[in-house]
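Report on the following structure.
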């Protein structure tokens, strides 16, 4: 039977696998987003290329979208497993990790997904097309930062649990050594008492013979 700690290990693997996969998906937009956000010499051509890129993403086949949703769901399941019975000393980090993951999904749905739809409809609301594309690019950067935060938290939690288990093993080993030493001392005292009693008994018998 699996213990809860075993399920937590599986949950950590699920979170890390899903998060790194999603980071790769959004990082693939960086060749277009970089020029919109960080290139001071960006031209309208860069915005046109980014627009075309997001228009192509809008035509993503349904099986690919379903796969992306399944991967995101795996991360959510892993996070739920870990917050079911969290370590009281580390539970805030577990909650923050799951919260960051959920918030990243919300940012995708409200900013990136909406922006991709707008790239096709050209209905950008109160902002210009270039500003809307910059918002999508900024949202992708925010997503990468959030997912990186999830990974850092999970690595920190794993290390904390590993260090705790290591310290517990050392503590129990020390307790066993102390108990063994105490047992040896007690045995020596008992043997000394027995020898002393034997000596006294022998002395009494000698005195009785006299």
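Each residue, glycine too, has its Cβ placed from N, Cα and C.
Positions annotated as compositional bias 'Basic and acidic residues' by Swiss-Prot: 178-199.
Feature annotation from Swiss-Prot assigns compositional bias 'Basic residues' to 201-210.
Annotated region 'Disordered' per Swiss-Prot: 178-210, in sequence order.
Remote same-chain residues near the topological domain 'Cytoplasmic' (1-9) are listed as 81-82, 84-85, 161 (criterion: CB distance under 8 Å, separation of at least six residues from the stretch ends). Per Swiss-Prot, the feature topological domain 'Cytoplasmic' maps to 1-9 (among others); the stated evidence is sequence analysis.
Within its own chain, the topological domain 'Lumenal' (29-59) is flanked in space by residues 115-117, 119-120, 129-130, 133-134, 136-138, 140-141, which lie at least six positions past its ends and keep a Cβ under 8 Å from the stretch. The topological domain 'Lumenal' feature in Swiss-Prot is assigned to 29-59 (among others).
Same-chain neighbours of the topological domain 'Cytoplasmic' (85-91): 4, 157, 160-161, counting only residues six or more beyond its ends whose CB sits under 8 Å from a CB of the stretch. Taken from Swiss-Prot, the feature topological domain 'Cytoplasmic' covers 85-91 (among others).
With DSSP states grouped into helix (H, G, I), strand (E, B) and coil, the topological domain 'Lumenal' (115-130) comes out at 9 helix, 0 strand, 7 coil. Here Swiss-Prot flags 115-130 (among others) as topological domain 'Lumenal', drawing on sequence analysis.
Sequence annotations record features per position, and here Swiss-Prot assigns topological domain 'Cytoplasmic' to 161-210 (among others) based on sequence analysis.
For 10-28 (among others), the entry in Swiss-Prot reads transmembrane segment.
Swiss-Prot lists 60-84 (among others) with the feature transmembrane segment, giving sequence analysis as the kind of evidence.
Per Swiss-Prot, transmembrane segment is recorded for 92-114 (among others), and the stated evidence type is sequence analysis.
Swiss-Prot lists 131-160 (among others) with the feature transmembrane segment.
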> DSSP says what for the topological domain 'Cytoplasmic' (85-91): how many helix, strand, coil residues?
Replying inline: 1 helix, 0 strand, 6 coil
> If you average pLDDT over the topological domain 'Lumenal' (115-130), what do you get?
Replying inline: 93
> Per DSSP, what is the residue tally for the topological domain 'Cytoplasmic' (1-9) in helix, strand and coil?
Replying inline: 6 helix, 0 strand, 3 coil
